[in-house]
Ligand SMILES: [Zn+2]
Ligand SMILES: [Zn+2]
């Protein structure tokens, strides 16, 4: 009787996560999923603002705009609380529906303790990634961060952060949400309510990797519980007897699935939910592992993409300039973008443009790249200087 809220929660959550995390992907272009993603991530706020403006006037609309600014453009714990709700909800659903099956035919009693312990460890990693210093650059830390990475003069040149008024070290970025400069800036993570940078990237990676394992562990234990129940109820023999003739694998699996959906629907939904979640997290984890292996960051990937786009535009403009038949660039917007890109990358354009080979100078091989994340260079220099003192 009390299972229906859990079933509803488990049915809705995977759909919501897929829409929220993957709605912008190419695979969902022009589909209902993309429209729903746009609605959740922005459209809903606009509609709500208009409705409030219609009902309460300009002051109501301004209050909505302020609330949106606080929720989306400033540090806030909304997604952190959502993560805790997700973790707590999953554990409650598993404990409420499946704890009494442990120990079972294929599940040792040890899992009564291993499950909660692994959840608590996941929570510790979440707290470490959320509250650890990501590598904030201020007066006391600027010297050691300046010595960490050289300027490559492609993505990074020596310049002053216009907000913090400090010289910005290579690979750092000013986070507009947290309003601070962060060393080896990767991205601002809403789930952690923190920037992911040089010092806490290892905790973020460990958090992702551990949660992939945690989801797989949950799927395995639940599947083992169901396998044990099938065995204890002698379900396969009963189905064979019921069918009355040598049953095929397809016939048996269909009846087993029906039986599981009737009597163990919560466990089946939990397996599906954790399976989808593990795939999403594994994709995200693999992406970040790849970035670490080639020693780049999410921010730098974006910068390289923009640089490539700029080079393509520049080549196109060059072709049009050289063409006798083609009139001069009819799109002034392109010129404006070129100027903007030149400012970003500090590059010059012209007919005798030197061929620049884009090389990621920070890539030193997988082992050293990984060591840089696990033992950040800035921390190493701090430790060695404190040891020499
Ligand atoms: Zn700054
Ligand atoms: Zn930030």
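Even glycines carry a Cβ here, placed using N, Cα and C.
TrEMBL assigns the feature transmembrane segment to residues 81-101, out of the candidate ranges 81-101, 144-164, 165-185.
Listed ranges 203-227, 228-252, 303-327; the one TrEMBL annotates as transmembrane segment is 203-227. Taking TrEMBL as the reference, the stretch among 268-293, 346-371 described by the feature transmembrane segment is residues 268-293. The transmembrane segment (268-293) is in contact with the transmembrane segment (81-101), judged by 3+ CB-CB distances under 8 Å for residue pairs 6 or more apart in sequence. Beyond its flanks by at least six residues, the transmembrane segment (113-132) meets 80, 83, 87, 91, 94, 189, 192-194, 196, 199-200, 203-204, 206-207, 210-211, 213-214, 217-218, 221 of its own chain at Cβ-Cβ distances under 8 Å. DSSP states for the domain 'Palmitoyltransferase DHHC' (158-304), grouped as helix (H, G, I), strand (E, B) and coil, give 92 helix, 16 strand, 39 coil.
Residues 90, 94, 98, 101-102, 104-107, 111, 115, 118-119, 121-122, 125-126, 128-129, 132, 186, 189, 192, 196, 260, 264, 267-268, 270-271, 274-275, 277-278, 281-282, 284-285, 288-289, 292, 373 of the same chain sit 6 or more residues outside the transmembrane segment (203-227) yet have a Cβ under 8 Å from a Cβ within it.
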